[in-house]
Amino acid sequence: MLYCIAKITIKMVKKMSLKYFFKRFYFSRTQAPLLVTLGYTLTAVLWILGSSQLLSHIEDPKLIHQIEKFKGLAFVFITSGLLYVLLRSWYKRIMASHDQLKATLDTIPDLLFEVDLDGRYFDYHSSRDDLLAAPADKLIGKTIHEILPKDAADVCIEALYEANVSGSSHGKQIELLLGEEHKWFELSVARKIDLHSTKPHFIVLSRDITERKLTEEQLLKLSQAIEQNTSALMITDVQGTIEYVNAAFTRITGYTPQEAVGQNPQFLGLFKTPTNLYNDLWNHLIKGEQWSGEFINRKKNGEEYFQSIVATPIIDKNGNITNYMAVGEDITNRKKSEEQIHFLANFDPLTGLPNRVQMEDRFNYIISISRRNEHPFALMFLDLDHFKDINDSLGHKVGDELLINLSQRLKSILREEDTISRLGGDEFVLVLPDTDAHAATVIAQKLLESIHQTIVLSEYELSVTFSIGIALYPSDGNSLEVLLKNADAAMYRAKIEGRNSYRFFTEEMQQQSMRTLELSNALHHAIQNNELHLVYQPQISANSSTIIGAEALLRWNHPIFGNVSPSEFIAIAEDNGLILQIGEWVLRNAIAQTKLWIDKGLPPIIMAINLSAVQFRDTALPELIASILQEIQLPPEYLEIELTERAAMHDPEKAIVTMNKLHNQGIRMSIDDFGTGYSSLSYLKKFNIYKLKIDQSFIRDINTDAEDKAIVGAIIDMAKGLDLLTIAEGVETVSQLKFLKNQGCDEIQGYLFSKPLIPSEFESFVAERFNGSTLVS
Ligand SMILES: Nc1nc2c(ncn2[C@@H]2O[C@@H]3COP(=O)(O)O[C@H]4[C@@H](O)[C@H](n5cnc6c(=O)[nH]c(N)nc65)O[C@@H]4COP(=O)(O)O[C@H]3[C@H]2O)c(=O)[nH]1
């Protein structure tokens, strides 16, 4: 019996393992101690009951005593043995489990702490003490707030409270400065189940996530850089299907990521980008090479835009292409600016015609072809007649409109291969390939005819004419410079010979331009060489026939060129800038002569001096005249400044200012050549003038030409209406004088009374005709 019990017990003890119980009897771990205890109790009870049963059969008290002693000892030995086996087995298991746990914990790189709700440390485990915020031996017993900086400690306590409420807390992060390194830790907190403790304890797992954090930060930076990049960015898979687009892509194209993702990038295409460009792109990309180029794409709203693209394959560490990335810039504005710059550099912004630069390009091409084929070509210089007057009187807007209209008309007349360019102002240059003299004549006539047709502008209907100069290649020159110069000279000839006509360049014109050049050079020395002098033409009162003034007229007598007409050399002096110097000389000498005559006792007269437009524009003019008058001591009322109608109307507002200054100095002003320009009556009223000089072109045929009669009559009536005097110049006949007198013209100047005279002749003329009355009004 005893043997049986012992055998079962040993077997039980041997097999007494958690595994045995769990596997055989499906007991839980917490039931194991109860079972062992029950097993022991059962064994002990059986032992006592069984041994007492055996002893009841023995009668020898001594034997009984010995057996009881043996039984007791045997029980002690057996239970001790059992206890030993049991304890040894369990201890081994505990140790093994402890070792396993320790080994497991050691493999975890995280820090483990046991803390209470106040954050007081009770235990810790760390495989890396360098990650502890304080030395390990100083940790236990301290609180988190004593060890960690406040911010980090607060987060820890927050995690503990969260775990206290819900059992666990995950994901809270703290940043610590360990040594010189910033470290990031992520906390996982679990409330520890401890039945004996009244205060809850927590296991805090603190994971070093510094690297992850840095990677995250890096990734965040990268993704922000991509997302916030001002260039449109697109990532596709290897098939070219869009996987990602950034905000700039949406901003530029108008397509949202939802609309773009899943599409092929060509959905933006317009079929304007050549197919071979796409082929080239893919050929590069599949070879792992970068590609750059420009596309014409279309936005969601249908608008076209130019895009510069840099496409790059994305290659993984194994060398495989995983994606493609395209960075695109909207270069529409740049393209437009480039086009604009190109246009402005090569074309006239007003008319859209080629400018000089573009014309030169085309000229070079035409001349190279003409040279090879030995064909002539023509260069025509077109200048609009009286354009300045249109501009001055009708305004620049009308002038611009006219130029645009004329450009279109020129284009409609000429051939495709002809070049029509605008050099500026009202000057056009035509380069006409394969054009000889005969063809040029036909074209020039056609141009004049067509241009002369009425042009309807928005507010006006105008009829304008051109003066055309023609130079032929190769007879008149074989370079642009020469042909242009010669065509210009021919055009100038057309102008002076009546306008609305064309002239071919001739040898004689060549000589004329040579003469202009020589005169220009000679004029530089005219003053020093005493080659200039003044003559004076009397101005007579129409009613009393008395001399009331004189006009000073300049003469140039050159030792070689002889007497050069002021009409010729004044224009040259205006061009080469000598007019200011010469004009001052005239002012000084004419004023000095007037003073001399007064001093000599001649009846005082008004000296009329011509002023060039260039002089009139000089802001120093009023001071210059004042200083000369002062220097010579001539009262200003003896001086009259004659200004041509064109000079006055060039910039009327400025003219008013200058005239007012001169008027305030007591100087009289008159308008010369009146009727030839386009005077605006409103300005005429504002000009501080006292006299209008009727141009001699109206006087010449006044007795025969009804139009001239009407014009002169109108000018005189208008002058009276404006309270101005009138003087007629170029009066040669008595009938002209009669007509003028009848019309009420105040003064007369012309060969009828006298040609311009040198001072001594003028003095004799005055002496002969002076009737003693004072002439200064
Ligand atoms: N056929 C004809 N002609 C007559 C008659 N009476 C006068 N003339 C001429 O008509 C011109 C009148 O001068 P202008 O209209 O001011 O026209 C002047 C004036 O614009 C300019 N000029 C002359 N001297 C000066 C000057 O000192 N300064 C400036 N800026 N221009 C001047 O040169 C132009 C030509 O001057 P001139 O050759 O002296 O020619 C003068 C004069 O000699 C006539 O009855 N019949």
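Heads up, the Cβ atoms here are built off N, Cα and C, so glycines get one too.
Pulled from TrEMBL, these are the features on record:
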type	residues	note
TRANSMEM	72-91	transmembrane segment
DOMAIN	97-167	domain 'PAS'
DOMAIN	218-264	domain 'PAS'
DOMAIN	289-343	domain 'PAC'
DOMAIN	375-507	domain 'GGDEF'
DOMAIN	516-770	domain 'EAL'
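Helix, strand and coil counts from DSSP across the domain 'PAS' (218-264) read 22 helix, 10 strand, 15 coil. Mapped onto DSSP classes, the domain 'PAS' (97-167) shows 38 helix, 13 strand, 20 coil.
DSSP assignment over the domain 'PAC' (289-343) gives 12 helix, 30 strand, 13 coil. In the domain 'GGDEF' (375-507), the DSSP tally of helix, strand and coil residues is 60 helix, 35 strand, 38 coil.
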